[in-house]
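A quick write-up on the structure given underneath.
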Amino acid sequence: MSAKKPLALVILDGYGYREDTASNAIANAKTPVMDALIANQPNTLISASGMDVGLPDGQMGNSEVGHTNIGAGRVVYQDLTRITKSILDGEFQQTAALVEAIDTAVKAEKAVHIMGLMSPGGVHSHEDHILAAVEMAAERGAEKIYLHCFLDGRDTPPRSAEGSLQRFQDLFAKLGKGRVASLVGRYYAMDRDNNWDRVQVAYDLLTQAKADFTYDSAVAGLAAAYERGENDEFVKATEIKAEGQESAAMQDGDAVIFMNYRADRARQITRTFVADFAGFERAAFPAVNFVMLTQYAADIPLAIAFPPASLENTYGEWLSKQGQTQLRISETEKYAHVTFFFNGGVETEFAGEERQLVASPKVATYDLQPEMSSTELTEKMVAAIKSGKYDTIICNYPNADMVGHTGVYEAAEKAIEALDASVGQVVEAIKEVGGQLLITADHGNAEMMVDPETGGIHTAHTSLPVPLIYVGDKAVEFKEGGKLSDLAPTMLSLAGLEIPAEMTGQVLVK
């Protein structure tokens with residue numbers, strides 16, 4: 001069998017394009033490799049946000065959405081848009097799983113607990129959805145409505161939760177029942193790297209009201225956290241309970257509705273509510289009726305309000321049907337993105353698909369190791385290219401995104417420089433074997449490290465376009481106005497393969 005000349009797609013997570021060089025870690029880092037590629041290779045900019053990826057207009061892109069669109073080869077209607085629409089249409093209020101959980105609790109005079117990332121960020125959740133859930137519980141007769149707020153500060157400015165908390169305090173005052181019952185930073189409640197000690201802090205807060213601090217209002221609890229030097233993301237377990245109020249710890253028979261729609265950071269805390277769990281010793285394990293807003297994992301046996309819509313003939317599935325071999329490779333932080341999300345929410349590997357996982361470094365925050373595990377990832381990537389085994393290789397480098405999220409500018413520059421060296425080695429390997437390479441990103445981040453409006457650090461994604469660069473021996477000229485969902489049809493075209501009818505994206509090569 002002759003050695004294959006692979007077509008590789010390298011996704012530089014969080015690597016957007018911004019003309020303004022102020023606080024732009026990508027523009028200011030020393031990047032001889034990327035500079036040379038942009039000067040000498042076919043390249044263009046493509047859209048990775050808003051309506052172009054199935055998000056609301058102007059909404060910044062994110063990794064889940066980006067990889068889903070890239071892999072699908074069509075614009076995929078995102079959960080955020082789907083759920084917002086269902087609320088406006090009145091469908092949300094009739095959703096079977098939600099109705100059943102709330103009505104069962106009401107009938108037994110039990111509490112309805114609503115938990116989720118309390119933020120207008122729109123990446124993992126949206127506070128408008130949480131508001132609709134609170135109103136629905138109240139309308140269906142729930143008297144005890146407890147809201148457990150996971151605070152953001154990552155997809156939103158680092159200290160921006162007060163407006164959201166005030167909004168819910170006002171809502172409960174208007175309803176005359178229910179309250180904000182707890183606060184904790186997403187660092188604890190939404191870990192995705194098996195740091196079970198962090199998750200346990202959130203679990204104990206929910207199930208035992210075990211907290212480091214207690215305050216009589218959510219806004220007061222937040223102010224105290226800021227006094228202690230904690231930004232939203234890192235707020236310690238805080239119980240919100242005024243004199244004479246009963247504990248809001250979850251009890252047998254209560255309903256629990258988890259209002260995050262994005263799976264990767266919702267899985268771990270959700271698994272703590274399943275009988276078969278070994279992450280840590282649970283001091284309390286209330287028998288609650290738990291509803292996931294969307295399916296967080298196929299093996300979690302809990303009710304789902306919005307089951308996944310299946311995608312037929314994604315890039316990975318289509319390659320498999322053509323008898324092609326493919327490799328998916330990344331670090332822990334983005335492994336789910338190049339596998340599960342890229343495959344349209346399918347956990348299992350397709351025939352001919354292999355996966356390689358490189359462990360992300362075990363550091364508290366990635367500014368402490370901005371190169372992350374790029375050296376090892378690149379070694380494996382180069383070996384895969386030269387192995388002659390794969391028709392296609394999909395690789396994600398997380399650095400620009402994960403270090404961009406820390407808000408530490410110097411570290412972001414170092415991350416970009418580490419990436420540049422890695423890309424150089426990948427380019428050399430591709431040229432050596434006569435393969436083809438597309439370099440792109442799933443959304444922006446590190447190109448804006450300071451918020452131009454406030455002058456504060458900017459830790460969130462951006463709505464800016466991302467690069468698309470071609471390396472290979474074909475005479476390629478790109479069309480303008482492309483988007484992420486055009487990548488799969490473009491890759492199939494470059495590989496000389498037929499494009500399935502389901503892929504409505506355009507081929508970006510003229």
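Including glycine, each Cβ sits where the backbone N, Cα and C put it.
Site annotation for Mn(2+) 1 in Swiss-Prot covers Asp401, His405, and the matching candidate from His148, His461 is His461. Together with His124, Arg154, Asp155, Arg192, Arg262, Ala263, Asp264, Arg265, Lys334, Swiss-Prot lists one candidate of Arg186, Arg198, Arg328 for binding substrate, that being Arg186.
The record from Swiss-Prot ties Ser63, Asp442, His443 to Mn(2+) 2, and of the options Asp13, Asp20, Asp128, Asp391 it ties Asp13 to that site too. Cβ neighbour density within 10 Å is lowest for Arg192 among the binding-site residues Arg192, Arg265, His405. The two recorded residues, Ala263 (substrate binding site) and Ser63 (Mn(2+) 2 binding site), show a Cα separation of 12 Å.
A Cα-Cα distance of 7 Å separates Asp155 (substrate binding site) from His461 (Mn(2+) 1 binding site). Around Asp442 (Mn(2+) 2 binding site), a 10 Å sphere centred on its CB holds 31 further CB atoms from the protein chains shown. Taking CA atoms as the reference points, Arg265 (substrate binding site) and Asp401 (Mn(2+) 1 binding site) are 16 Å apart.
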